[in-house]
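Record features (TrEMBL):
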| type | residues | note |
| --- | --- | --- |
| SIGNAL | 1-25 | signal peptide |
| DOMAIN | 27-130 | domain 'Phytocyanin' |
| REGION | 131-248 | region 'Disordered' |
| COMPBIAS | 139-152 | compositional bias 'Pro residues' |
| COMPBIAS | 153-243 | compositional bias 'Low complexity' |
| DOMAIN | 249-286 | domain 'Phytocyanin' |
Amino acid sequence: MAVSRSKTLAFAAIAIAALLHSSVAQTTHTVGGNTGWTIPQGGDSVYSNWASGNSFSVGDILVFNFAAGAHDVTQVNKADYDSCSASNPMMTSTNTPARITLNTSGEHYFICGVPGHCSAGQKVTVNVLASTTGSSSPSPAPMVMPPSPSPAPRRALTPASAPSPAPTTVSAPTPSTSPVAGDVPLSAPSPSARTPAPMASSSPAPRRALTPASAPSPASTASAPTPSTSPVSGDSPSSAPGPSARPPMTYTVADSFGWNIPRNASLFQSWAAGKDFMVGDVLGKY
């Protein structure tokens with residue numbers, strides 16, 4: 001909805017810019033001002049001074065006011081302009097007032113084709129600039145740009161719905177290893193699986209429960225704690241593999257970044273790939 005509204009505003013801005021451009025670009029210039037198009041008393045400097053005091057752009061209109069039948073407007077190239085020759089005209093107008101639209105940039109040369117009039121100073125050079133079109137075009141650009149960054153935060157929210165490490169710790173309670181009847185030490189770890197603090201005190205018991213994922217593990221966990229070896233009829237050799245297992249560890253998800261919206265979708269997966277999780281470990285977050 002916001003994007004479509006922004007597009008509508010952008011199109012409206014472009015239309016307004018086009019109207020402003022057309023109104024500014026199509027400026028009408030009366031050649032010679034009040035003098036009009038005639039043989040000037042001060043020579044060709046009259047028209048050169050008039051042209052230097054005006055700014056001409058593509059789309060502007062020149063108006064030549066002259067007496068019908070006494071003069072004309074002839075457009076020539078620079079060589080014919082310098083020599084006052086009307087033998088190879090690019091355009092000639094005998095209607096008064098003559099209105100000529102400047103459709104291209106660059107220098108345009110006009111003379112009066114009546115013999116003797118050009119050499120008497122009835123000639124003008126107009127330098128047309130093409131800079132006005134570029135001044136109005138950048139205005140719509142900043143209005144179109146703002147909609148593009150808005151979808152970015154919406155995409156960044158989607159990775160937050162995949163906190164896969166959190167459910168894994170819930171599905172690994174140590175009380176599942178209590179098939180040994182009457183074994184009191186095995187029933188103690190059940191509350192410690194819910195709260196991370198007590199697990200540090202009963203570190204020997206979780207070490208046997210974390211390393212094996214298969215069913216035969218309960219037998220070895222029953223004989224693991226040294227204080228409880230007396231009910232198992234002195235089965236001390238089964239406690240030998242104990243030192244190879246590590247104690248439970250507490251991991252802070254994404255380390256210092258914490259449980260926040262990631263800068264990229266692979267941030268949490270990359271963090272988890274570098275860890276060796278075991279049953280009984282604890283995941284923490286900011």
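Even glycines carry a Cβ here, placed using N, Cα and C.
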Helix, strand and coil residues within the domain 'Phytocyanin' (249-286) as assigned by DSSP:
10 helix, 6 strand, 22 coil
Could you tell me the mean pLDDT the prediction assigns to the domain 'Phytocyanin' (27-130)?
96
According to DSSP, how is the domain 'Phytocyanin' (27-130) divided among helix, strand and coil residues?
17 helix, 33 strand, 54 coil
